[in-house]
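Input: a single structure, listed below in structure tokens.
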Amino acid sequence: MRGNAWAALVGVVAAGVELAVAELVAVFAGPESSPLFAVGSLVIDLAPPGAKDLMISLFGTGDKVALLVLLGIVVAALAVLAGILELRRRPGGVIVLVAVTALAILAVTTRAGASGLWAIPTVLGMLAGVVALRLLTARLRAALAATAARASAASPAAKERASDPDTGSDARTSVSPNDGMPRRRFLLATLLAGAGALVVGIASRTMNAAATAVSSARAAIALPPAATPAPPSPAGTDLGLDGVTPYVTPNGSFYRIDTALQVPQVDVSSWSVTITGMVENEITLTFDDLLALPLEEHAVTLACVSNEVGGDLIGNAVWLGYPIRELLERAVPQAGADMVLSTSVDGFTAGSPLEALTDPDRVALLAVGMNGEPLPVEHGFPVRMVVAGLYGYVSATKWVSRLEVTRFADAEGYWTPRGWSALGPIKTESRIDTPRRGASVPAGTVAVAGVAWAQHTGVAGVEVQVDGGAWAPARLAAVDSIDTWCQWVYEWDATPGSHTLAVRATDQSGYTQTPDKAAPAPDGATGWHTISVTVS
Ligand SMILES: Nc1nc2c(c(=O)[nH]1)N[C@H]1C(S)=C(S)[C@@H](COP(=O)(O)O)O[C@H]1N2
Ligand SMILES: [Mo]
């Protein structure tokens, strides 16, 4: 066996394993944390102006590909070096690998918006690369030793040279079929590691590339202004109290619930939505078609049916979109239809009552914007549904691509056969945000505060109960609309000791929350949010 050539191959395979593992972890940690992407971007940033022009004049729009190819050649050369060094002067190869990876980590963690966590894919990749390099080099050594032993048995004179993996092998270029187990074990391990790295690496890189393509496509979108802007929130929707969830939930802290293991990466230029099924006219709209329509803006509080009493699977945003009602009016639903089954590009489905989507008094949007931005990718980019008053699982389909007008008797949404109700109107609820459960507060006036919601019905009042006593009215913050939650506060005269605080809301239909406890399944939790606090 030729020692150096095999060692070079080991180096390249180990580098491949490192990159593949890093790419795979980056699929979960975020595409920007891929070392390949970060190093490429860093090289672009650091390149002198002339170099970029040269690349573009040489390779045109293929300049990025050319850059990656160049980078690949450099990485391969370093990998060859690492493989040979590891065989000849252990742990020289490991040192080269770690040193090169350290540069990559520097590149990843200095990218715009990077956090220390972005180093994780590269570090895990490095560990895998080091293990691969050490294991494969050990197997190569065993294989070379076996070859040398066989050769020396055949010709004692060759023994001296064969003990040197490099020069010794030059005398015999081919390996005899009798080289046996060590050689086979080495070849098998190298083949498996190499093939595994190729498959995993290419698949992960493809996913990461798609993800970065979508985030840059999203960044390039300028949403049109709303033809009908949201009425300005009245002053004082936000009490500005410490510890109370803000009235408008920032996109970055908006709860996220979906079945998507991988956030769907939808190409806006080929995306469309079709209104089909029991309709007179099937309609298909592209993203540009949608943006050309007169869009409306509405504040709507979205809630998840899985939210426990006191839970935080709820958020309020200002959505920009087009009323689904208008599209259904153009499509003309047929008699007998009572459900719209919306389908996501990832296969998720939600069944919404047709009546809710055609109701002129209910907000039901094909939304493209969230708090003044295109939808975040994890919140359904480019288009999702938002329907006031219905839990997300029966209405808020993200990455939506199809609305089928049908009947509850003929179709069901994703969660219905899994033990959740076919209908999911949001239940009137309230939550104490401050003080926190189990907190210690000083005696005196304590602001007990939180949020209450009764989407599409409206909150009428909130009351607080201390230690099971009489219910006392809380003060409501300014109420934006019946579709949004509202903040409330109760000034409590707290006396030393342990106390229990409970909250209940009454909605504009006259319903007051009862103490009856229900689990989230099948159609939403109920009960009073109750907490214990200590006053000192
Ligand atoms: N494609 C898709 N859309 C979906 C879901 C899903 O699993 N897949 N989950 C729904 C549920 S259960 C909820 S509560 C809302 C949550 O929306 P958010 O993640 O933007 O808060 O999305 C809905 N839309
Ligand atoms: Mo949900």
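Each Cβ is built from the backbone N, Cα and C atoms, and glycine gets one as well.
Matching 11-31, 116-136 against TrEMBL, the residues noted as transmembrane segment span 116-136. Listed as Cβ neighbours of the transmembrane segment (65-85) (distance under 8 Å, sequence separation of 6 or more from its ends, same chain) are residues 4, 7-12, 14-16, 19, 36, 39-40, 43-44, 55, 58-59, 92-97, 100, 133, 137.
Sequence-distant contacts of the transmembrane segment (186-204) (same chain, at least 6 residues past either end, Cβ-Cβ under 8 Å): 6, 9-10, 13-14, 16-17, 19-21, 23-24, 26-27, 132, 135-136, 139-140, 142-143.
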